[in-house]
Amino acid sequence: MAARKPGLIALFDVDGTLTAPRKEVTPEMLKFMKELRKVVTVGVVGGSDLVKISEQLGKTVTTDYDYCFSENGLVAHKDGKLIGTQSLKSFLGDEKLKEFINFTLHYIADLDIPIKRGTFIEFRSGMLNVSPIGRNCSQEERDEFEKYDKVHKIRQTMVSVLREKFAHLNLTFSIGGQISFDVFPQGWDKTYCLRYLEEFNEIHFFGDKTYKGGNDHEIYESERTAGHTVTSPEDTVKQCSDLFLGKDNGSS
């Protein structure tokens, strides 16, 4: 077996890269990642919290990979141990948070959209997730809202209003998924995790939303990474096989 290459890490987005969108990882992908880890250091970085990432990648996610970065790296694990945390609450303070949440809830209350459900704001340790329809809508309602939003630009308009109103807080607004958008301080995108990877001089990042506005864009564009756009978990396997495993290393 080839020794692991020092100074090199393969870093993966979760949703759409290691798993199909919002689905669990396949046994085939887990097996492939285990093989890959024999030749390179491997890390995962997802925008979701550790609970949601564990639902997709499995409960042993923090030990299955050398690095596990949840909430874009605001919660960081190395070799199964917590090595760093940052929180929105300690960064902004309760007064500013309350001001933002109150305004947002008033805005949603006045929104005239076909249906509303519940959980309009989800408070995570590193970000707020805002959903005009409410996160506990059904999959069917989620699909319908996505279509409605494409025409009526509900989220885009709301983000414009919030961006202007709270310009003094230096927040980033990232529209993703079907029904919501994320709100976090500038610089708290996936590049945040790179501060834990100073020992690596070659960082290969793999993600599917690498276009401008996508939540993989900043880390893909970073001068510290070699960015790779993937179209599916199968494409991830193919690109990594070509890059790291080669023909003579394909079996163990």
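Quick reminder: no glycine exception, Cβ is built from N, Cα and C everywhere.
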Swiss-Prot annotation, Mg(2+) 1 site containing Asp13, Asp15 - matching residue among Asp208, Asp235, Asp242: Asp208
From Arg135, Arg142, Ser180, Thr225: binding-site residues whose CA lies within 10 A of Asp208 (Mg(2+) 1 binding site): none
Separation of alpha carbons, Tyr220 (Mg(2+) 2 binding site) and Arg135 (alpha-D-mannose 1-phosphate binding site) (Å): 28
Secondary-structure category, per DSSP, in which Asp208 (Mg(2+) 1 binding site) falls: coil
Residue among the binding-site residues Arg22, Arg124, Arg135, Arg142 whose Cβ has the most other Cβ atoms within 10 Å: Arg124
